[in-house]
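Feature annotations, courtesy of Swiss-Prot:
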type: BINDING; residues: 71-74, 144, 181, 191, 194, 231-234, 282-283, 307, 310, 341-343, 356, 394-395, 423-424; note: NAD(+) binding site
């Protein structure tokens, strides 16, 4: 059974006009290596319970979202999709009359289990857990190095059906991105022809320009909060250099000196941190150099990334987890992609492809490390990623994967998968989820037993991991890539905010 909404009744939950307060017992384990009476060591696992207080502000703000790369395939597709949903637009395809929807969005189109009733499982919308911004109410803006209006950008992208594009054109032809930061050293040379709409000046002047743009956007649109997300070209990997970008002070001094190695994406992120605005990196480049992470932590400003997890990598994070969890040993993973959109064109340059290769290649690391029966220390499956540019297929990316595994008694198992990933139609709802969850997380505060004051989540937002290929985590935090664990983490944190136990799937009431 599916219900649209619910309210929790519990002595551990209190609803006020502006907040939800919950008291939550977090049950976990502590693992220690102890010396026994005979002088040997053994591993001891000790269950423990930590009491947490959560406080969630339920006043939903008017949200503005500024996209870096607003005129790209993702930016134009997302903006078009939100307008179509808000206006209730329908259009004819070769199969049927299609209604606008938010399919592919975790927050808008997925469900969570809330319990059982008369022997039947009860589910509710994911978005019913906590008050969230309605995507129809989001105000979009942003930057692009191309001055093309969003109606023409939508046509250039070749993602949406023509009938839909015709209906959306009046809403989009007057939306023109702000000029963007362009540095030809960081992206493929083939992008130069699009760069007719750029911010001039030194890196310091560019940061100041972005800050001015964000302030004016917020004032003009009368929004309460702004979230900025990078959905522009993948940059080449930025080098970490001691004395240049390893601390906040060094990074800011490097900006003042106009150091060449400070990338455009890092400049946008710096501007956001200085303004207290959340910044999310949707591409695989090394935006978050150590100095920027240091800066975000010291200023307590949310940052998240890296790289949207939409197609091939999402499947890999499921299949890899399944194989290792089933006691099957993956020994070779070969991934081949070809696509024909501007992302593929930019990735045809070796230096930008390297960023994507790094992002895609680490996705099974935590799964391999979890099973010392299958893998010796340091052992890892052979893992190869290939991406080729084929203009004809446009945004309809093809992903082909071959998984070779060792099974019982020396046997071999091979799984081959072909995945047609409509690139921007998969990425757009993920962008939506990222900005909505980033905003929501800024309204949640908590404290553990013994702490005097409530505080926000760590600025490095692991809560967004489900949506990213290479999750950014705080220093010293394990990276979790298994998709089921990432979703469980996100859902269970939100459940804790309303005093609900984590979904453990034991269903003891039916045993």
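One is the number of the first residue shown, and numbering goes on along the chain from there.
From the backbone N, Cα and C atoms, a Cβ is placed for every residue, glycine too.
Structural mapping of features recorded in Swiss-Prot.
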residue	record	CB count, 10 Å
71	NAD(+) binding site	30
74	NAD(+) binding site	30
191	NAD(+) binding site	20
232	NAD(+) binding site	31
282	NAD(+) binding site	29
310	NAD(+) binding site	25
343	NAD(+) binding site	27
395	NAD(+) binding site	24
